[in-house]
Amino acid sequence: MDVYNLTTFTEFILIGLSDLPEVRYPLFMVLATVYQITLLGNIAILLAIATEKKLHTPMYYFLANLSLLDIFCPSTIVPKILRNLLTKKQNISFLGCALQIYFLVALEGTEVFLLSVMAYDRYVAICFPLRYTLIMTKKFCVQLTAGTWTSGFLHSLLHTVFTFRLSFCKSNRVNQYYCDIPPVVALSCSSTYVAEMLVLVIGGFLATSTFFITGISYFYIISMILQIRSVEGKRKAFSTCASHLLVVGLFYGT
């Protein structure tokens, strides 16, 4: 049945993988393996930072938060995908879909904000090394971290509320293998203008601004490194931000 009454519309059908039945079990194995590696790798990072006192610095404090996000973010969608692949069921409840979108957008947004904070941390460490401990105090680091998490979840709440206040009566078949804002909004039979503008304007502004903050920070970082005369000095300075630069490149590049 293609049209559903809003009062009886209690679930969505995720059809993103329905046309690939022959790779269902191989995909389950690959996805489960990658998910386990992701969990174990990030848990190992958290344990190392927690047990090694030398790592109790702002850079590794932010890195621990990044590892938490890399645990939570896939955990919002991967278990459900694995369950659907294994049981050949493709349904998700209306509330489950709303919660999946909320936490997915919140955690992704928090990660974008955190990468900008980490770029600022490296900027201060390289451009103002003598004042680093005075600027990046424990209290300031906690405030920055709390701000990133709060901003990410408030940003997601806005999108989730305006997405699920729409009337859904066209169909409950989501053209994706997890709940996301665009394919869910596409099922609405009411005006989607506000929900789409929020994604375009607010989401676009926040993504662009955090990208530029990260980019400007690294512009000054690279400029400062190039001013160092010794090769060894350049190498040491670059090594302090190489891992974060790699993460930023992978995140924005993909």
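Backbone N, Cα and C atoms are what each Cβ position is placed from, and that goes for glycine too.
Keep in mind that TrEMBL annotations are predicted by a computer and have not been checked by a curator.
For reference, TrEMBL has these:
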- 41-254: domain 'G-protein coupled receptors family 1 profile' (DOMAIN)
- 27-48: transmembrane segment (TRANSMEM)
- 60-79: transmembrane segment (TRANSMEM)
- 99-120: transmembrane segment (TRANSMEM)
- 140-158: transmembrane segment (TRANSMEM)
- 197-225: transmembrane segment (TRANSMEM)
- Query: If we call contact 3 or more Cβ pairs under 8 Å (sequence gap 6 or more), are the transmembrane segment (60-79) and the transmembrane segment (197-225) touching?
  - Reply: no
- Message: Could you tell me the mean pLDDT the prediction assigns to the domain 'G-protein coupled receptors family 1 profile' (41-254)?
- Response: 89
